[in-house]
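For 6-23, 89-108, 114-131, 138-157, 163-190, 202-220, 232-251, 258-278, 304-323, 335-355, 361-381, the entry in TrEMBL reads transmembrane segment.
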Amino acid sequence: MKILNVFAAFTVLIIAFLFYRFVGQNAVNVPYFDDYAYLEYIIKFINAPNALHFMQELEYKHNGHGVITAKLVFWLDYLLTGEANYRTLILVGSGLVIGLFTYFWKILSVNRLPFWYALPVALFLFTPAYHENIFWAAALWQYTASFAIGLLTYFLLSKNNNWAFTGAIIGGYLLTYTNGNGLFGMYVGLVIPLLQTRHKKAIIWLIACVLTTVLFYWYYPFGFGSLGQEKSLKNSALTIVSFFGSCASYFRGRLPEVAVLGVGITLSLISLALWLVVEYVKKLVNNASKGKILSVFTDTPANLSLLALLAWLLVTGLGVATARAVDTLETPARYMIYSVMSVVALYVTFLLILSQRGQKIMTGGMTVVGVIFAVSTYMFAASDVINFRNSLISDAFSLKQHRRVTGKLETMTNTVVKKYFDEAVEKGIYVIPTTALNEVNLIKADTLTMPNVSLSVDIDTLPAYGGILINKVRNEQLAVSQDKPQNALFMVLKNDSTAYVTAVKQRPNRERRSFLRTGNYFKEGFEAWIYQDNIPEGNYQVGFLFSETQKPRLVYTSQRLIIQDFQK
């Protein structure tokens, strides 16, 4: 047993090291969508004439979400460093995953289970599976942070002392103001003092919940929440299955696995909830002894925090299925962390319920599944992360040169966003990073060979905001060396006076044998998306910048691309 624990500890360290090395390689100091809003919040905090005005700005909702926690983190980053640094926020925020792992390890430890049972937990948590909640600073400090705060809140609430209870109330308030699902989380915590028969504390907790809700909705901008999809039992079922089962897409990149896992998690959570309710009612009505399952949670305070987590996951899934129902099975990146956390939470729960033999069998099986999952997340998700990183690098160049972004919805067309971004840059609140692109003269380049690169160009429409037109440029041959993690390929569009850069989406390598043999995330070819407003209309010569060495190589082709003004 001791050898297994040592081996598991060594393996966990390797898994965590690989994860954080990957985070360090791909976290960049460039904002993405909602990240821009926090520059506005920092400026408003600086300009607040008094404490009351500061608190009003802090409480102000962001797209219907109370994000006080994220605002405070961004504000603290500015106070400590003198600027808003998104890379720092990502690196620090990714450390929350250590907190999540430590929580589940603590549950196992309290129940006298060996450390090697925690190995599957590490295999699921220390991966890029929920990459949008890691590499997007705003999403990280809303979604990932909500779990860290929620688990801490439940753990403190399960402790029978006043200081811990006070800390839990503060945690519940911050949880409510972390993202939209946090409001469910605070109310769910009520089950802890109720099952502990701490009725006075339960009443105080309920009052705290109500007061927090009143504060939350006092200045709430109603109108957010529903996506406008048809409400039906079918759509709700598809949504909750997608919500819980999405992480299964990493096994083979297919939806059937998503359906199987989603149905399994949903039924497990509902069945467990019904079982516990029946046992609790029997105890109240017949004054009977606690049932086997109920006693597993109530006899150990820390286990009650796990029960609250399960209830929170179920309530959140039902809430999303009701308010944001969609008409298809999908794998939304922003909800991936809920799927991963559901798998881990249920795994630990079953360990508490099963016999010793069953625990070993389950741990062995989940370790095998976890290894496959961890490797598959790098095969499927790492390519998305690297392409995302490269798009932000091209954003850094485009923002500095043209005040535009590339390869995504144009952010700078929003005059409010542009106003505060310009002010943040002017005052040094945000410093646009210098990249390898800034060291290349994009107008002058080696064009002697003028290679004829095969390109196909299509115009597509993104069904958002009334329809966004996109130029999609494809190629099947070009690639960059993958011997260094920072290597990247960029497309350059040049006219007589200036040049624009956009990162291409390199084609991911989805062949498992090839990936395991070479370690390459990509195969030859790419697709570049040029959204309307990314680049002004005109006739551009197409070039490619191969960022493979300390001196990037830029070559222009004989191909030309005509960009239309879609607004005309």
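Even glycines carry a Cβ here, placed using N, Cα and C.
TrEMBL: automatically predicted annotations, no manual curation.
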Beyond the flanks of the transmembrane segment (89-108) by 6 or more, those residues with Cβ under 8 Å of it: 12, 16, 19-20, 23-24, 27, 73-74, 77, 114-115, 117-118, 121-122, 125-126, 134-135, 137, 140-141, 144-145, 147-148, 151-152, 155, 302-303, 305-306, 341, 344-345, 348, 351-352
Long-range neighbours of the transmembrane segment (114-131), counting only residues six or more past its ends (CB under 8 A): 1, 4-5, 7-9, 11-12, 15-16, 18-19, 22, 97, 100-101, 104-105, 108, 143-144, 247, 250, 333, 336-337, 340, 343-344, 347-348, 351, 359, 363, 366-367, 369-371, 373-374, 377-378, 381-382, 384-385, 388
Recorded stretch, among 6-23, 258-278, 361-381, maximising Cβ pairs under 8 Å relative to the transmembrane segment (304-323): 258-278
Residues from the same chain, set at least six apart from the ends of the transmembrane segment (258-278), whose C-beta lies under 8 A from its own: 240-249, 291, 293-294, 297, 307, 310-311, 313-314, 317, 329, 331, 339, 342-343, 346, 349
Beyond the flanks of the transmembrane segment (163-190) by at least 6 residues, Cβ under 8 Å: 59, 64-70, 141-143, 145-146, 149-150, 152-154, 156-157, 201-202, 204-206, 208-209, 212-213, 216, 225, 308, 311-312, 315-316, 319-320
